[in-house]
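A.B. asks: What follows is a structure written as structure tokens; I'll ask about it next.
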Amino acid sequence: MSDIDQWIETLKNGENLKETDVKILCNKAKDILNNEDNVIRVEAPVTICGDIHGQFQDLMELFKVGGDVPETNYLFLGDFVDRGYNSVETFLLLLALKVRYPDQITLIRGNHESRQITQVYGFYDECLRKYSTLNVWKYCTEVFDYLALAAVVNDSIFCVHGGLSPYIKTIDEIRIINRKQEVPHEGVMCDLMWSDPDEIEGWSQSARGAGFVFGADVVKEFNRRNGISLICRAHQLAMEGFKLMFDNSLVTVWSAPNYCYRCGNVASILELDENLKKYYKLFEAAPTDRASNSKKTIADYFL
């Protein structure tokens, strides 16, 4: 068995990798991600997943429902870490799968794939607690800077973590951003990870303090200009697992069931067949006896 296959087995068992192995894995992942464009072209069939937020046992449930890699092609829309108790295992398993099956799993960046955010919402503290050093946090946050910003499925479905930006009109404009940096506090890269749709006209400031709120008219024009039939994003809790808006021109997919171990929501994944027919698969949280019961404080902010 190769090192990478051994690491996948170790992580699936909920065990931590050695720090030296984490460094090797992260370097391998950076080499692969470095060769990917800002906007990745993905071919259907593919299964799209929203926020995971360190809920490792629920990620295992997701794979039970959706199938294992590489039998199923996956596109994850970011926010792999923070809030949940097992961000380390969650992120490293997804990275290991990416290294082992680079064409079967696509990872794009969420607003929590950020040095600043992870220092507040759990990942930083978890790394320190599990490894008694910040090296693993540093290795992982370096990988964050290499993650793509968006994906397009079959030239028809635009996938992003958060939403749109008033500073761009075309997907091609995303392709020229310098993405290899910490998530900025403003600008296009920030907006892609922080913005939200709402029942408004045009654009509005966001209560999140980053990104914007945008309405149906903005989505209609963006989709028309770019030849897109659907915007698929994550970033907001959907109690029923997914939420369609604006005459089905935008969908929020949420893949962390019983978010923060207390919200009581179901989760979903969106399966697209080769003809882009959509199947929303719902799933609930893993049995509580299998989830980590480690007590820790999770900052109370629901983004």
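Every residue, even glycine, has its Cβ placed from backbone N, Cα and C.
Since we're looking at a predicted model, the values are computed, not measured.
Swiss-Prot feature annotations, pasted as is:
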- Asp51, His53, Asp79: Mn(2+) 1 binding site (BINDING)
- Asp79, Asn111, His161, His235: Mn(2+) 2 binding site (BINDING)
- His112: active site, proton donor (ACT_SITE)
A.B. asks: Under DSSP, is Asp79 (Mn(2+) 1 binding site) helix, strand or coil?
C.D. replies: coil
A.B. asks: With an 8 Å cut-off on Cβ-Cβ distance and a minimum sequence separation of at least 6, pull the same-chain contacts of His53 (Mn(2+) 1 binding site), or say none.
C.D. replies: Asp79, Phe80, Val81, Asp82, Arg83, Gly84, Ser87, His112, Ala256, Tyr259, Cys260
A.B. asks: For the binding-site residues Asp51, Asp79, which Cβ has the most other Cβ atoms within 10 Å, all shown protein chains included?
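C.D. replies: Buried the deepest by this measure is Asp51.
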A.B. asks: Give me the Cα-Cα distance between Asp51 (Mn(2+) 1 binding site) and His235 (Mn(2+) 2 binding site), rounded to a whole Å.
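C.D. replies: The separation of the Cα atoms works out to 7 Å.
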A.B. asks: What is the total of other Cβ atoms whose distance to the Cβ of His161 (Mn(2+) 2 binding site) is within 10 Å?
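C.D. replies: Excluding its own Cβ, the number within 10 Å is 26.
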A.B. asks: Near His235 (Mn(2+) 2 binding site), how many other Cβ atoms are within 10 Å of its Cβ?
C.D. replies: 27
A.B. asks: Taking the mean position of the Cβ atoms of Asp51, His53, Asp79 as the Mn(2+) 1 site, which residues outside that list, in the same chain, have a Cβ no more than 8 Å away, listed in sequence order?
C.D. replies: Gly50, Ile52, Gly54, Gly78, Phe80, Val81, Asp82, Arg83, Gly110, His112, Ala234, Ser255, Ala256
A.B. asks: Least buried of the recorded positions Asn111, His112, going by other Cβ atoms within 10 Å?
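C.D. replies: Comparing Cβ neighbours within 10 Å for the recorded positions Asn111, His112, Asn111 has the fewest.
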